[in-house]
């Protein structure tokens, strides 16, 4: 009888794996995404890091939409250089629309040359516009369609974080992106508030 239960367990595990499709093309994004409602200030609460040097914590992003409907963003955060030099740095991004309202091509660069620059996919996986947002980008695909180098942010409107019911939604989205337990929490301790010029790049 034990072998019957073993088979049932294996079938259940196989079914769970089959349900989670980790090919990037299978990931769902926010339907009918509204850039205007998304604009404004967002605080990064958690991040799945990519390869390269990016903002590390105290990350605050400001999204805006111009009169032509073009979305752009600026972000400020702390970066640690040479293992012991903390500076506040700025990044800038411009977004090109695609056929899907929640999928963009984002050209980004650091105001300081040591930060990464590139032109990545930028997908809004989910948001309620007023509380939370989950962003995702795959920079390099594996041959099987899964992602070899990705990054993802969990944003909040409130710098103090997300309420428990929203955290549950966010964890579900992270799992759907096959990134469960791969995020690190982003500290907001005011490091980049009121810094003197020599500490800002």
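Positions of Cβ are set from backbone N, Cα and C atoms, glycine also.
According to Swiss-Prot:
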type	residues	note
SIGNAL	1-18	signal peptide
DISULFID	22-178	disulfide bond
DISULFID	88-192	disulfide bond
BINDING	116	substrate binding site
DISULFID	138-147	disulfide bond
MOD_RES	139	omega-N-methylarginine
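Overlay of Swiss-Prot annotations on the structure.
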residue: 22; record: disulfide bond; DSSP class: coil
residue: 88; record: disulfide bond; DSSP class: strand
residue: 116; record: substrate binding site; DSSP class: coil
residue: 138; record: disulfide bond; DSSP class: strand
residue: 147; record: disulfide bond; DSSP class: strand
residue: 178; record: disulfide bond; DSSP class: coil
residue: 192; record: disulfide bond; DSSP class: coil
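Residue 192 (disulfide bond) is 28 Å away from residue 139 (omega-N-methylarginine) when you measure Cα to Cα. Distance between Cα atoms for the residue listed as 'substrate binding site' and residue 22 (disulfide bond): 26 Å, as a whole number. Cα of residue 22 (disulfide bond) to Cα of residue 88 (disulfide bond): a distance of 35 Å.
Using CA atoms as reference points, the disulfide-bonded residues 88, 138, 147, 192 were checked against residue 178 (disulfide bond), and the closest is 147. By the criterion of other Cβ atoms within 10 Å of the residue's own Cβ, the least surrounded of the disulfide-bonded residues 22, 147 is 22. Put simply, residue 192 (disulfide bond) is 32 Å from residue 147 (disulfide bond) when counted between their Cα atoms.
In this structure the C-alpha atoms belonging to residue 192 (disulfide bond) and residue 138 (disulfide bond) are separated by 28 Å.
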